[in-house]
């Protein structure tokens, strides 16, 4: 099942008991965060606040608050099915010519999917049913959430920022938080390595002093939203990838004030520009780390047009100490990363980003070890292969007999198969998340790799331990007689 707009997905979630409408008045200032946080931690439904205090526009929260709902947004019922998305991405990143007739037949479905890539331009789009310009533009009339007591101002959190660089044919979609600065101004907090910031940098070099057109879409269809947070190849538009996932082309329309294309079924569109000479101090804000971050200077986004659907819905979220919505999104997208990594490193058995590690700061990888030093090669590969892992501070590599998603197994491997000096890799002066205040310098810090695999000849001179394993015949016999032993239900092993 695919969803052409946010509303059809909301209806589907409600029919499945995955969305709750809240008619009681709730304040976007702090109260929504507290309610959404409690519901998310209880693995509860998405929330539609129908009567936000001081506003008549409903607010949608916790949309992707469970891995199951992330899968549902992509037409899947099980998060594990998202590995199919990863297989598609792996193919797109490194397409291989068919190795023969049978292989060509097997690849036909992927080639057919590729035909659905280009977005489709539509007229009279829903997102432009209402158009506001000039004095009508007033961001303070949107129910923008003020998430935490120490936040400096309300924060736009789920906006898809649409940019285009002078050297790129494709448009870039990214999600960057935006601080409310005034009636028509937001602070665009994009880090230097993100697509929007790179497009802006290229534009400034080619057109010094000129205004840079930017559009922000709120409440787009769920597939396009998820396309913006998925590791799409740099040469490919997120619109095209969303079309692949949906099985049909993404509907877009031309923005009113510039040539950028926007998702046609979005709830709200903010159009405007960034003046390269206008910067503002952003923050502090509570973030996905569970702490308030430092302030810093970022570009100011001036909004010249607001367009929206009739009876528009405002899509929002909060970030805080895991679990939060980004952490749940990370759990689901974990399954997307596995096939991509396996294509480059076939020896990888599984890959896990623990949500309590802020989604990406720690990774555990199980491998089929084949030679001395193999674990270190995999560490280096994981750090460098995908941009998403450049901020991963800790990588633990374990053998295939260890479940990398079970901390009991992982801690056992670390404490029995590691010598701290021999098996720990420390790398200094590497890129680190700007929000990581534990690093000695903002944006620059160290990484640690831990080789918790069995050691081979050349890695140790000692006789290595043999794991204790019961004979299978004995286990089978005990299974047969268990009911006669008078013991409670057999434990699951």
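Every residue, even glycine, has its Cβ placed from backbone N, Cα and C.
Pulled from Swiss-Prot, these are the features on record:
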{"type": "ACT_SITE", "residues": "287", "note": "active site, proton donor"}
{"type": "BINDING", "residues": "172, 238", "note": "Mn(2+) binding site"}
{"type": "BINDING", "residues": "175, 176, 177, 189, 190, 191, 194, 195", "note": "prenylated FMN binding site"}
Which of 189, 194, all binding-site residues, has a Cβ with the fewest other Cβ atoms inside 10 Å:
194
Which state, by DSSP, holds residue 194 (prenylated FMN binding site): helix, strand or coil?
coil
Cα-Cα, whole number of Å: residue 177 (prenylated FMN binding site) versus the residue listed as 'active site, proton donor'?
10
Could you give the Cα-Cα distance between residue 238 (Mn(2+) binding site) and residue 195 (prenylated FMN binding site), in whole Å?
11
Same chain, 6+ residues apart, C-beta under 8 Å of the C-beta of residue 190 (prenylated FMN binding site), given in sequence order:
161, 174, 176, 196, 197, 200, 298, 299
Count the other Cβ atoms sitting within 10 Å of the Cβ of residue 172 (Mn(2+) binding site), across every protein chain shown.
21
Distance [Cα-Cα, Å, rounded] between residue 189 (prenylated FMN binding site) and residue 172 (Mn(2+) binding site):
16
For residue 175 (prenylated FMN binding site), just count the other CB atoms lying within 10 A of its CB, please.
19
Maximum Cα-Cα separation in Å among residues 175, 176, 177, 189, 190, 191, 194, 195, which the record lists as binding prenylated FMN:
14
Where residue 176 (prenylated FMN binding site) sits in the secondary structure, as DSSP reduces it to three classes:
coil
Give me the non-local Cβ neighbours of residue 191 (prenylated FMN binding site): same chain, 6+ apart in sequence, Cβ-Cβ under 8 Å, ordered along the sequence.
197, 434
Using a 10 Å cut-off on Cβ-Cβ distances across all protein chains shown, tell me which of the recorded positions (238, 287) has the largest neighbour count.
238
Chain-internal residues, separated by at least six, CB under 8 A from residue 195 (prenylated FMN binding site):
163, 172, 173, 174
DSSP state at the residue listed as 'active site, proton donor', helix/strand/coil:
coil
At the level of the C-alpha atoms, what whole-angstrom distance separates residue 194 (prenylated FMN binding site) and residue 287 (active site, proton donor)?
18
